[in-house]
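Report on the following structure.
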Amino acid sequence: MLRRILQRTPGRVGSQGSDLDSSATPINTVDVNNESSSEGFICPQCMKSLGSADELFKHYEAVHDAGNDSGHGGESNLALKRDDVTLLRQEVQDLQASLKEEKWYSEELKKELEKYQGLQQQEAKPDGLVTDSSAELQSLEQQLEEAQTENFNIKQMKDLFEQKAAQLATEIADIKSKYDEERSLREAAEQKVTRLTEELNKEATVIQDLKTELLQRPGIEDVAVLKKELVQVQTLMDNMTLERERESEKLKDECKKLQSQYASSEATISQLRSELAKGPQEVAVYVQELQKLKSSVNELTQKNQTLTENLLKKEQDYTKLEEKHNEESVSKKNIQATLHQKDLDCQQLQSRLSASETSLHRIHVELSEKGEATQKLKEELSEVETKYQHLKAEFKQLQQQREEKEQHGLQLQSEINQLHSKLLETERQLGEAHGRLKEQRQLSSEKLMDKEQQVADLQLKLSRLEEQLKEKVTNSTELQHQLDKTKQQHQEQQALQQSTTAKLREAQNDLEQVLRQIGDKDQKIQNLEALLQKSKENISLLEKEREDLYAKIQAGEGETAVLNQLQEKNHTLQEQVTQLTEKLKNQSESHKQAQENLHDQVQEQKAHLRAAQDRVLSLETSVNELNSQLNESKEKVSQLDIQIKAKTELLLSAEAAKTAQRADLQNHLDTAQNALQDKQQELNKITTQLDQVTAKLQDKQEHCSQLESHLKEYKEKYLSLEQKTEELEGQIKKLEADSLEVKASKEQALQDLQQQRQLNTDLELRATELSKQLEMEKEIVSSTRLDLQKKSEALESIKQKLTKQEEEKKILKQDFETLSQETKIQHEELNNRIQTTVTELQKVKMEKEALMTELSTVKDKLSKVSDSLKNSKSEFEKENQKGKAAILDLEKTCKELKHQLQVQMENTLKEQKELKKSLEKEKEASHQLKLELNSMQEQLIQAQNTLKQNEKEEQQLQGNINELKQSSEQKKKQIEALQGELKIAVLQKTELENKLQQQLTQAAQELAAEKEKISVLQNNYEKSQETFKQLQSDFYGRESELLATRQDLKSVEEKLSLAQEDLISNRNQIGNQNKLIQELKTAKATLEQDSAKKEQQLQERCKALQDIQKEKSLKEKELVNEKSKLAEIEEIKCRQEKEITKLNEELKSHKLESIKEITNLKDAKQLLIQQKLELQGKADSLKAAVEQEKRNQQILKDQVKKEEEELKKEFIEKEAKLHSEIKEKEVGMKKHEENEAKLTMQITALNENLGTVKKEWQSSQRRVSELEKQTDDLRGEIAVLEATVQNNQDERRALLERCLKGEGEIEKLQTKVLELQRKLDNTTAAVQELGRENQSLQIKHTQALNRKWAEDNEVQNCMACGKGFSVTVRRHHCRQCGNIFCAECSAKNALTPSSKKPVRVCDACFNDLQG
């Protein structure tokens, strides 16, 4: 086609064709302006010039296809370009074909005129029997003028379409360039975002390291205070170590029990998660079902359009034969029987519809039940919130108890201080050690200074990093602005695409108008063929009349009268012809107006349908977006699970580290306490020995000799004591080393305390946000609180009841072991049951696969049935066409068709019965599967109940445990926090599910409204079709009646020549179309490869997502898939039944049409017989007239015999004249007979040629129908590709939205980081202030401890005002600080910790006590 266009129009059209070819190339880098200047065809990759399009195609396949195959992944972006180019090519080719046909039609009309004029001149007779056919010439000239005007209009349309094609090519090139630019910008932005995220992560790690270093930094004052407190802590730790060892053993046992309980609770939580995960999966299944329904609606609309087109074609073929014979009683009876059968089929379909409605009702009931279950879960969560509030109140009570215990601890510290005064003697010995410690303190202070310098440097680095962060934030804002701009550009491109689609639709409407005009011309051709047949019959009648006239002329009877009669008849016929032509023109104009009105209505309805389809596509995009949201929520849930696991692991590791540190500290404290006890025992022994020695000295002063001996012994003992003191000094050194280790451990403990404080603050913040928790945990917490109350009461009597509790502990351990064994047995039973259910599910899978194989066989059978029906349709059409060609053989072919149709109907009925049986079997199997699934669900419910019972028993066992402390409470709090996070995620899930359900209901309502609109449009369309049929029937009936009067003998030969030329042109067009089909096939193959690769990519992504979700919901997916497959089977069944009913209706209509044709032929035979009888009557009348004339001649002969003698001479002369005239007439008759023989030979040859031409025309029509089918298939594929393009665009939009969401989340995280940094700074400042206050209080406390009662002799003046003491000015001691004051300076009284009543106090102490 492109070669012909280039040959015909070398100027403008050639350039446009090159532009089109250049736009069809898949490379974006070639310029359009350069292509318009180049001659011939240029390869877009190697820029090689070629002579034709075929050479270019071969060159591209041979040279460049290999490279394209290797990088085939990049061709996915070129699918849109190829689709646009193929559409433009098809439009241009259709326009060129229509132009060719109309040119050929105008040329053939000219040829017909010339031939007609030549034949008219040849057949002009000397006798003047045939008159001029001026009216027909005028009509032909009018037709010529109309054809020329139409040709001119079509040329203008062609020019417009070519201009549009050029504009579209330029627009496509611009769009491609914009797309490439945006793609490069997007890639650059993505790279920047990845770099920024990496830098942010690095900076976050640096910030965390700095924070840890800041937390580990101790202050100078802290070190001093800690060193002062070491002695006090040692005494406290000595007393508490024994109790903690015992409690640690108990807590270890309880920890094991709690771990087992925690495992059971995690199992229950996992079950609840799986149950909650069912909800969104079922929603996804329903969304898939909606998508399938939408696809089925689209398929039905496409099928409806194809059927309407086929019906229009068939109606145009058979309306002529249907309207001639309306009085057929047999056909009416058959129609009534078919209507009865259709009523029965409709009843069956209604029953099936009712069954489907019941199934839908069941599904709605199930959804309502699930909604009730979600409401129950919400109620349970509200109950959990109330219980959580109770737990908060109990937690506050426990905090109060803790404060009371701390006060008790302060009292104990006061007692320890009293003991500390007794140990001053030992502190003298430790003075040397303190000197060493001072040196170490100096060293540590120097190290601290160095660390502070390092911290300052790090703070500078932090400030710099913060500035860099601010710069990066500004960069990110700029990137966001760029993304907004790209979004706006994308929206503009979408608007351009919509405008292009509107233009393409306008072009399609124009093409449909052109095709409609071509169809009208085809109908005119068929009418002319009918006129040919009628003209043949008229020729035969005229020949007979001609023979009769010659006979009369030979007889010599009234030549002038005959001529006058013929002239009168000709005048009357001409007048009738003119009147009929005028009527025809009026009716044709009215018919054209009606057709145009109907066409406008049909286009409006099509526009409505397209708008409905666009809405359906928009709904599908919304459903896809909801699916993407669901997937994102699932990914978030999985991330939360991963975070929870990581946090639990961190908690376990921290607990293990804490236990190890506690064990080390306890060991050190044990060793220190043992050493101190040994020293105290030795000191006691020494004191007792000294007392004994003094008593003996007083009693035995007289015995000096004995004393000397005793002194020697004491010297020896003294030496041993010195050795012991040396040993004690070594032990003191060891204690100093132990004290250093204790200091290090204490620093670690302080760091742990700070971390725990931070954790506590985090937990408090979470506790304010969390409002719902599980009932099981609340019961556990309540039981533990009761136990703690009992423990607080029983702490005082623990030392006496240790033995009893150990025995009880052994008994409880035995009970617990027995219970754990029972639970293990129950778990094993549950595992066995689960295994049995898994095996049963595998069996169900096998049965499902068997059902799928049966379904595939059924589908194959259905496809075979449809193929057989199509074949029968094609055979039926062939036989109808043959019946038109050969009228005499119609009866036999109709009988054969009836027999074949009956056989086919029987076969189809049998196959339908078999299909119904197989479908019933499948229904029974599906029912059995449903029953089995219900039984499995009941078993699962029973297993869950047993698990709940086991959990209740475990709760009862937990109530019997009596001793739990701070470690268990911390673990429970952490677990509660984690569970609160889980519940928040569950609430988010439920909210998403509710939103999705609302959106689904809205989508269903919109679909129902659109379906109603489509049904209304279809009803309007059917009504318009009925009116169109009626108008066509009236029009064709009147045309047939008017055209029957025409007697066009000479038009037959001209039309035969036209038909031959038509065949030649059709063959050429078929060859061109075959080439185009091959090109389209290649394009289709490439597109299929692209689509296959895209599908593979999509499948890989789907597999990656499915692998994540398979572990949670395999069983549920299988059940839902089976349900959806059953629904699909039912839908397929309904579709097949509808198609079968449609095919039956078409077969019945074909039958009725064939019967009508037979009756028409019979009527035509009867008309011919009547005409024969009329001619025979005329011949008999002529014979009677001849006999009468013979009688008259005999009478005249008798008279002539009398006058013979008189008139012999005259008679002889007249006879001679007559003989000469008769000879001349015989010669003329012989010539006329020879001409008639020649004409008959020519007519027979033409008839034979006409038969062959008709056969070839029928074959060409078949080929044309096949080509139309192929074009329809290609259009369907183009529509599918457009849908894929739209899906790709929707995916791109979704990705952009995800990017924007991710950026928004990044901004939120940045804000959160800044808030957390501020909180951290505030908390660190608060901790530092608390430390300073603690230090000041400790200093004051140490000062208060170090105060002494001042002696009267030492103080002679008031220590406040400086007055001197005398007899009148007395001394007064302050009962708080112990200093001496005058009466005025110590006039105030206040309560002190050491007295219950107010006591004399100085002004300074009074202010301190009250401040």
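Just so you know, glycine gets a Cβ as well, placed from its N, Cα and C.
According to Swiss-Prot, the protein carries these features:
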BINDING   Cys1358, Cys1361, Cys1382, Cys1385  Zn(2+) 1 binding site
BINDING   Cys1374, Cys1377, Cys1402, Cys1405  Zn(2+) 2 binding site
COILED    74-1348  coiled coil
COMPBIAS  15-27  compositional bias 'Polar residues'
COMPBIAS  481-490  compositional bias 'Basic and acidic residues'
MOD_RES   Ser52  phosphoserine
MOD_RES   Ser70  phosphoserine
ZN_FING   41-64  zinc finger
ZN_FING   1352-1410  zinc finger
>> Which sequence-distant residues neighbour the compositional bias 'Basic and acidic residues' (481-490)? Criterion: at least 6 residues beyond either end, Cβ under 8 Å.
In response: 178, 182, 185-186, 189, 1296, 1299-1300, 1303
>> So, three-state DSSP: helix, strand or coil for Cys1405 (Zn(2+) 2 binding site)?
In response: helix
> From the Cα of Cys1385 (Zn(2+) 1 binding site) across to the Cα of Cys1374 (Zn(2+) 2 binding site), what is the distance in angstrom?
Replying inline: 10
> Quick one: Cα separation, Cys1361 (Zn(2+) 1 binding site) versus Cys1402 (Zn(2+) 2 binding site), in Å?
Replying inline: 11
> Taking Cα-Cα distance, which of the recorded positions Ser52, Cys1377, Cys1405 are within 10 Å of Cys1385 (Zn(2+) 1 binding site)?
Replying inline: none
> Per DSSP, what is the residue count of the zinc finger (41-64) in each of helix, strand and coil?
Replying inline: 11 helix, 4 strand, 9 coil
>> Below 8 Å Cβ to Cβ and six or more residues apart, same chain only. Which residues does that give for Cys1377 (Zn(2+) 2 binding site)?
In response: Ala1344, Arg1347, Cys1402, Ala1404, Cys1405
> How does the zinc finger (1352-1410) divide up by DSSP, counting helix, then strand, then coil residues?
Replying inline: 8 helix, 12 strand, 39 coil
> Counting by DSSP, what is the helix, strand and coil composition of the compositional bias 'Basic and acidic residues' (481-490)?
Replying inline: 10 helix, 0 strand, 0 coil
>> What whole-number Å value do you get for the CA-CA distance of Ser52 (phosphoserine) and Cys1382 (Zn(2+) 1 binding site)?
In response: 129
> Once the chains shown are all counted, how many other Cβ atoms turn up within 10 Å of the Cβ of Ser52 (phosphoserine)?
Replying inline: 13
> Beyond Cys1358, Cys1361, Cys1382, Cys1385, what residues of that chain have CB atoms within 8 A of the centre of the Zn(2+) 1 site's CB atoms?
Replying inline: Met1359, Ala1360, Gly1362, Lys1363, Phe1381, Ala1383, Glu1384, Ser1386
> Under a criterion of Cβ-Cβ distance under 8 Å and sequence separation of at least 6, what residues of the same chain contact Cys1382 (Zn(2+) 1 binding site)?
Replying inline: Cys1358, Ala1360, Cys1361, Lys1363, Phe1365, Val1369, Arg1370, Arg1371, His1372
> Quick one: which residues besides Cys1374, Cys1377, Cys1402, Cys1405 have a Cβ within 8 Å of the Zn(2+) 2 site's Cβ centroid, in sequence order?
Replying inline: Arg1375, Gln1376, Gly1378, Asn1379, Phe1381, Ser1386, Val1401, Asp1403, Ala1404, Phe1406
